[in-house]
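*Asks:* Take this structure, written in structure tokens, and hold onto it; I'll ask about it next.
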Amino acid sequence: MSQKQLKEAFISNLNGTSLLEISAGLSLPPLCLLCRGLLLILYYLHHGKPVSSRKYSLLLDFLVLVSPLLFSCTVLSPIIFFIPVILAAFCAGIFSKIYSQRKREARVPFGQIVKEFQKAYLDPECIPAITVFRVYVNVLTSISILAVDFPQYPRRYAKAETYGTGVMDLGVGAFIFGNALVCPEVRQKSHTTQPRFSSLARQVFAVWPLISLGVGRLLSVKSIEYHEHTSEYGVHWNFFFTLASVRLAASLLLAIFPKHKAWLVALALAVLYQLLLSTTSLKMFILHGSDGRDSRLGFLDANREGLLSLFGYLAIYLASVQVGLWLLQRRSSVRGWLQALKGLALAVLVLSVLLQLCQACTEPVSRRVANLPFCTWVLAHCLLLLGFFVLTDLALVFTKLLVEGSSVPCCWKVVQPPDSRKKGVQAVQVGRQDKLSQLCLISAINKNQLLFFLLANVMTGAVNILIDTIHSKAAFTLCILHLYMFFNCLIMYILHGRNIVLKFW
């Protein structure tokens, strides 16, 4: 077999992993975020000032927010269930140290601290969990698209061939989910009066970079004969085309139907698509098509997975729009977000039950056809990860109240109530937070997310061309992955430090 055939076989005919293992993996990013926040608060407690060096801030963020994920999906994957326990114990140790030292200095009863926490007001204009969710999906995707070509990346984490739940299968759906959370229909204020199809017109212009990237990827892959898995999207289709098509189709539907009924449109679309899969020959066509996948027989046949799975991805996008609208409801207190956390937990529980029912009544999860179980699974696990991030932010808010003056980038700002007279204090706190955001890797990636994803794709291609990834040793693999991610993060960090946003559409 040629090198190209070996690499294609290496990522083919896989069956995914268990839902429990994926859930354990999803707990790692929030724990890393919590660990970083607690370390920054502990540093402030000991030194009376935040970390001011850009160099040390970048190293801390990379070592705590990114590096553990690289290890957990490679050499530490056999003990994946123990890693969250170890991280949680480490975080508990840091919190205990902060609390015990603060208790000796302030002598404030724990009950009083809890009451102050519940009454605390948070900046209603910012929901850090959404930003962190989108950034981490991008980071995890960037890690996986290169790591999957190395033998240290477990085959069960890669995309399943037909049925199954792989980590990378979830990543595809999570990308759609994250995009919908901040789409124009969600961010647009409900009281503004704009033409019904104005958002659609903006989206037509906004998706041209995605279409350009899709065309660029298609031409580059075909010209250099880069290895590709055709049963993933088809002969010509790729994920950039899926993103662009879903955004356009969703904008059209949301221009016709009220956006606060998006979940109903999503449900109807997913159920009708599943009925077609179950009662017609559509599923057989997607999975088998014509022998040999001859593109001369038609564009639809050559790209049947990419084109027909759009119905499932569109359902996920519309349901995620509803989630975004719900999250952006004005909640200005910790108490309000604790209630929202209960709502997220209930939604995850209901969707998990529906997932089991869907699989029992229809078929297993399949990213390849984007069936109803796949849509339900993606929504359930995305809401689970989002809930973890909200819980992490609330835990950091509680810890910040223990150490007056401490701040954590990309975490909720504790502000004064609307009728408070302490506006000066609030302004100082907000100014300190804005300055600290300049020292945050999450903020840096968030400013240029599409560039980060594009750079990861280009670097992945370069590494695969230059290196025989399949036969790499563990130490070499870890070095390559760390250099690849650090270089990508460093570029984002430099651009962020110079306030450069490469978005002109």
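A Cβ is built for glycine as well, from the same backbone N, Cα and C atoms used for every other residue.
These came from TrEMBL, pasted as-is:
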- 22-44: transmembrane segment (TRANSMEM)
- 56-73: transmembrane segment (TRANSMEM)
- 200-219: transmembrane segment (TRANSMEM)
- 239-257: transmembrane segment (TRANSMEM)
- 264-286: transmembrane segment (TRANSMEM)
- 306-328: transmembrane segment (TRANSMEM)
- 377-398: transmembrane segment (TRANSMEM)
- 450-467: transmembrane segment (TRANSMEM)
- 473-495: transmembrane segment (TRANSMEM)
*Asks:* Counting only residues 6 or more past its boundaries, what in the same chain has a CB within less than 8 Å of a CB in the transmembrane segment (264-286)?
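*Replies:* Contacts of the transmembrane segment (264-286) (Cβ under 8 Å, skipping residues fewer than 6 from its ends): 253, 257, 304-305, 308-309, 311-312, 314-319, 322, 358, 362-363, 368-372, 375.
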*Asks:* Against which stretches of its own chain does the transmembrane segment (377-398) lie, if we need a Cβ under 8 Å and a gap of at least six residues from its ends?
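*Replies:* Those are 19, 22-23, 26-27, 29-31, 33-34, 37-38, 41, 113, 117, 120, 122, 128-130, 132-133, 136, 165, 170, 173-174, 176-178, 316, 319-320, 323, 334, 337-338, 340-341, 344-345, 347-348, 351-352, 355, 365, 408, 411-412, 414, in sequence order.
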*Asks:* Applying the under-8 angstroms CB criterion, which one of 56-73, 450-467, 473-495 scores highest with the transmembrane segment (22-44)?
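*Replies:* The stretch with the most close Cβ contacts to the transmembrane segment (22-44) is 56-73.
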*Asks:* Give the nonlocal contacts of the transmembrane segment (239-257) in its own chain as ranges (CB under 8 Å, at least six residues past its ends).
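*Replies:* For the transmembrane segment (239-257), the sequence-distant neighbours (Cβ-Cβ under 8 Å, at least 6 residues beyond its ends) are 172, 175-176, 179-180, 183-185, 196-197, 199-200, 203-204, 206-207, 210-211, 213-214, 217, 233, 264-265, 306, 309-310, 313-314, 317-318, 321.
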